[in-house]
Amino acid sequence: MDTAPDHREPQEQGESRKWYEMTASEFYVYVVAFMCGVSMMMPVNAVFSAPAYIMTYYRYAMQDPEAVPLYTNFWNNVMTYYNLIGIVTSLIMEPLTLLSWFRRIPMKVRLLGGLVILIVEIIVLMVVPARGTSEAGAVATICCTGFIGGFGKSIFESTTYGMFGAFPSSFTSTMMGGVGMSGVLTSLLQIIVKAALPDSYEGVKKQSKIYYGLDVGIQGMTFVALILLRFNSFAQNYFGDLGAVKSKVDAGKLSAEALCHTDEHPTHDKEGRNSSSGKEVPALGEVQTAAAKSEGPDAVEESSWPHEVEGPTSNEILVATAIFSTLRRVKWMFVACAFNFLITLFLFPGIAVGMFPDSKWFSTIAVFIFNVFDVLGRFSPSLKLMWPRSYKQRWIIVAASFARVIFVPLLLLHSYHYIPGEAYGYVMEVIFGFSNGYVGSMALVLGPQSKGIDNDGKRFVAGTLMGISILVGGTIGTVLSIMTQTIRATY
């Protein structure tokens, strides 16, 4: 994948380059971004696409189709427990990825290591029933895989969001599209498999093998694609050496003038580098000494590199990046992203698609519709017309995020059948899904483009912080959903 350096005309921020204008190396990075997005959510989607298998996992683990569970409360709420363990683990682990000792780990090790852990999660779910265990062993397996999945996802997700935060925004949009496409693929496969295979003991077992096999296959391809990315010249322009060796770019400095931004979207220079002031923005292998000093005490770590040294590695630059200073600069996009996913995971899937439990197809079709329009929303930032017209109009994204609170009464009323009919539910899933994808993706794209995020080290940290915002909002939303459904079941 090693090609000559890419020279192109300036590219507007938020506008993806036409496919016929791309070099092979640039197109390959888009493919990798998409595959990373798909792989990020595949384990969770694979598990949720075969609920009958997980809810009766004890039978397969005990190798007894007639087994009667002793831990009925656990198996009645196994999906909730699995999801909650994964989210809480991610919420604890992902902020730890910003600690200096973790940032010293080469990024390629983090990417590949996180992906391997996600693959191990699915392998464990498949191996335990093959070997056999007790019901208590099955419970322990579900809890352990929830923890393993949350641990691996926190490493892979934070590194992926951070890495593509250093690229032009269209790469983040593509990655977010991959996250949504993961749900579309599993939903579509669920419809096909549900129509083709019976809901018997053996039929459900075959369904699980299809979902889990697809997951491992996609993640295996992503693993290979990430290894090849190390030799991609376009990726090296933006992300240097992936933390493997000393950067080819000499240590330099960025003048304080680079901190001054206009209200216009940043553009890219002839090599596609992000530039908002007409000056070259150094790659993630250069030193931002003057810029760090201009930020004040919060950025004291960033001034630790001498002016004239051999180019440090990418992860060394990350260690020298101030976290709280970066968080202050992305705070509004952080809040918008967190609240967006709070509303989504509060209502979806339990409340938004669970109002017709006796219907064989409503929940399946409703989830599919949500996933399709969620993907469309996630890809929408690739269109320039979907962007705020100026930097000052970024408040629109924050307002749109908080405006999504209107879905709470609309879907709760439908859930309690005060608003009857399945057609209403399908229409709501269209709007609900698109708004989730658009607001979430736009916030993730705009976060690393905030004023003061003027080098790739800060963009990496900003991208990681935006990933954490998803977990913060998602955790609160999931807890609220559990509380709401518990009250609903009680009263």
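Heads up, the Cβ atoms here are built off N, Cα and C, so glycines get one too.
Since this is a predicted model, take the numbers as computed values, not measurements.
Within the chain, the transmembrane segment (27-47) has long-range Cβ neighbours (under 8 A, six or more residues past its boundaries) at 1, 19, 54, 79, 82-83, 86, 115, 118, 121-122, 125, 149, 153, 156-157, 160, 164, 167, 170-172, 174-183, 185-186, 211-212, 214-215, 218-219, 221-222, 225-226, 228-229, 232, 234-235. Residues or ranges marked as transmembrane segment in Swiss-Prot (evidence: sequence analysis): 27-47 (among others).
Annotated transmembrane segment per Swiss-Prot: 82-102 (among others), in sequence order, evidence recorded as sequence analysis.
Summarising the annotation, Swiss-Prot assigns transmembrane segment to 109-129 (among others).
As annotated by Swiss-Prot, transmembrane segment applies to 136-156 (among others), with the evidence given as sequence analysis.
Annotated transmembrane segment per Swiss-Prot: 173-193 (among others), in sequence order.
Look at Swiss-Prot and you will find 209-229 (among others) tagged as transmembrane segment.
Residues or ranges marked as compositional bias 'Basic and acidic residues' by Swiss-Prot: 260-273.
Here Swiss-Prot flags 260-280 (among others) as region 'Disordered'.
The N-linked glycosylation site annotation in Swiss-Prot covers N274.
As annotated by Swiss-Prot, region 'Disordered' applies to 290-309 (among others).
As annotated by Swiss-Prot, transmembrane segment applies to 333-353 (among others), with the evidence given as sequence analysis.
Per Swiss-Prot, the feature transmembrane segment maps to 361-381 (among others).
Summarising the annotation, Swiss-Prot assigns transmembrane segment to 395-415 (among others).
Residues or ranges marked as transmembrane segment by Swiss-Prot: 427-447 (among others).
The annotation transmembrane segment is assigned in Swiss-Prot to 460-480 (among others) on the grounds of sequence analysis.
By the count of Cβ pairs under 8 Å, the stretch nearest in packing to the transmembrane segment (361-381) among 109-129, 136-156, 173-193, 333-353, 427-447 is 427-447.
Of the Cβ pairs linking the transmembrane segment (136-156) with the transmembrane segment (82-102) and spaced 6 or more residues apart, 3 or more are under 8 Å, so the two regions touch. Proximity of the transmembrane segment (82-102) to the transmembrane segment (460-480) is established through 3 or more Cβ-Cβ distances under 8 Å for residue pairs spaced 6 or more apart.
Within the same chain, the transmembrane segment (173-193) packs against the transmembrane segment (427-447): three or more Cβ pairs sit under 8 Å, each pair at least 6 residues apart.
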